[in-house]
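**Q** Right, I'll just put the structure down here and ask away after.
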Amino acid sequence: MFEKLSCHTSIKIGGRVKYLVLPNDVFSLERAITVLKDLPFQIMGLGTNLLVQDEDLDIAVLKTERLNQIEIKGEKVLVESGTPLKRLCLFLMEAELGGLEFAYGIPGSVGGAIYMNAGAYGGEIGEFVEAVEVLRDGEKTWLSRNEIFFGYRDSTFKREKLIITRVMMSFKKEKKETIKAKMDDYMRRRLEKQPLDLPSAGSVFKRPREDFYVGKAIESLGLKGYRIGGAQISEKHAGFIVNAGSATFDDVMKLIDFVRKKVKEKYGVELETEVEIWWNGRRW
């Protein structure tokens, strides 16, 4: 009955949950929510920007990875929320639709990316959204772009109880070779700078302001490689915390708190976490 979430998060941390449900389509997701209406639940995409407590959680988790259909409609694309971002980027390249190249190499699902308005290299996924289909109190409805707020690593979906099911996105025609060259460049930069060889939950902290680079600030404090238990500030990019071996939820949380304290002391800046935290069955 119980399923370890450490097998479903990119940082390889997480306790057991009562039920892990993998709906095959949007209808199955709706049905699962109806069945689980009296049991607390959380939605998970690919678990790539997520830190989960080690203790058992008395909840169900609905994992959307099987909701991965993509349809092309001219310069518009309808994509299900569990679709990996990498797969969407490759699909767009083949369709000669440009704009999302910056997202190539960002781990995670389309739904998770929309939820947090994921971005990199000056681009954000919210720029390409035309409408989002959601489940609100179990009812399916579409939100148009002017009904949706997107901010820096923030969106309507973080503030309201909405479950993203499908997204309509709009792109511009561009040559496949041009798109591929951009994607290859972004991937090369990621491989050079990010610790993709070790389990992590991605970038840990939000940038507090445009001119403040968190990784460089942490590095300036001499904290690259600093370790608490099995959690370590990456030696490659100080904005990442990696699981260097049997790290626990508490190890990572203590390291996050330590970094926040040191940055506050040196720079007077309060760091907010970008990574999503599940503790006591709630999102933080």
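Here the Cβ of each residue, glycine as well, is placed from N, Cα and C on the backbone.
Grabbed the feature section from Swiss-Prot, which reads as follows:
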DOMAIN    12-174  domain 'FAD-binding PCMH-type'
ACT_SITE  R153  active site
ACT_SITE  S203  active site, proton donor
ACT_SITE  E274  active site
**Q** Let me know the DSSP-derived helix, strand or coil state of E274 (active site), please.
**A** coil
**Q** Using all protein chains in view, find how many other C-beta atoms are within 10 Å of the C-beta of the residue listed as 'active site, proton donor'.
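**A** For the residue listed as 'active site, proton donor', the count of other Cβ atoms within 10 Å is 22.
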**Q** Are there any residues at least 6 positions away along the chain from R153 (active site) with a Cβ closer than 8 Å to its Cβ? List them or say none.
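**A** Counting only residues 6 or more apart in sequence, the Cβ neighbours of R153 (active site) under 8 Å are M116, N117, A118, G119, K206, E274.
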**Q** Across all the protein chains here, work out how many other Cβ atoms are within 10 Å of the Cβ of E274 (active site).
**A** 19
**Q** What is the pLDDT of the domain 'FAD-binding PCMH-type' (12-174) when averaged and given as a whole number?
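**A** Mean model confidence (pLDDT) across the domain 'FAD-binding PCMH-type' (12-174) is 96.
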**Q** Per DSSP, to which secondary structure element type does R153 (active site) belong, with helix, strand and coil as the options?
**A** coil
